[in-house]
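Student: My structure is below; once you've seen it, I'll send some questions.
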Amino acid sequence: MNNVNCTRFSLPNEYERFKIILSFFPLQSINTMKNLEIYLTRHGETEFNVTQRLQGWADSPLTEDGKRVAQELGDKLRGHNFQAAFCSTLPRTLTTAQLILAHQPHLPIMALNDLREYHFGQFEGNYGNDLYEKIIAHRGIADVETWLNFYRHADHNVLAETVSQLDPRAETEAQFVQRLQRGMAQVVANSPDEGRVLVVSHGMAIVALLKSIDKSAILYKSPANASVSRLHFDGTKWRILSVAQTDFT
């Protein structure tokens, strides 16, 4: 692995596989040839997903269905051994990664701050529709349905744009994307030169990463829980292999 200036520590016994990187790996060119297939995976369904609360840096546990779907994904990927595994520092991604990797119990899982979801500022934990009502008033849009259609088909992240206008503590789109790109640089730096790499992250984060590679790859709408978008990295270029994949026959 490449050297990275970071801090790591182990959490209590039940989290022995869970290492945390807290500092940034700077954006730079990777000089080594790589042949990495990244399985960029959204966490399983959570309680906040069910109640439609905003869940950026806030966290809530996986539902029973969320655990089941993550376990099923692990079963589907049983023949796809991973050489490295990563998640964000939000517990819902760690739980998902552990369930997926039940067939590889000794593979360490490295947690990265920069893989966290979008930060909603003061709106964290609020109901999504309450935020949407503020957004349509702020932007002069007729109703929530019109707003969602506008957001999903926009040429940039108008949700992040608007939320950061309503609360400067929330992330702008540029801050969000740059942070995620730092996170992926850390993934590459801490992975072998070739092989499969599991990265468990979040809905808006995955959309932002895909759009940073190809703006036409996906709408601004989170992929399904426990779905996989596969990426290839050769040391210089990222390429999208699949989006929101659930079938691995």
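Cβ coordinates come from backbone N, Cα and C, glycine included.
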Student: Arg42, His43, Gly44, Glu45, Thr46, Glu47, Phe48, Asn49 bind substrate in TrEMBL, but which of Arg92, Arg116, Arg139 does that record place at the same site?
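Tutor: Looking through Arg92, Arg116, Arg139, the residue TrEMBL assigns to the substrate site is Arg92.
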Student: What does the structure give for the C-alpha distance between Phe48 (substrate binding site) and His202 (site 'Transition state stabilizer')? Integer Å is fine.
Tutor: 13
Student: What's the most sparsely packed of the binding-site residues Gly44, Thr46, Arg92, counting other C-beta atoms within 10 A?
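Tutor: Relative to the other binding-site residues in Gly44, Thr46, Arg92, Thr46 has the fewest Cβ atoms within 10 Å.
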Student: State the Cα to Cα distance, in Å, between Gly44 (substrate binding site) and His202 (site 'Transition state stabilizer'), rounded to an integer.
Tutor: 9
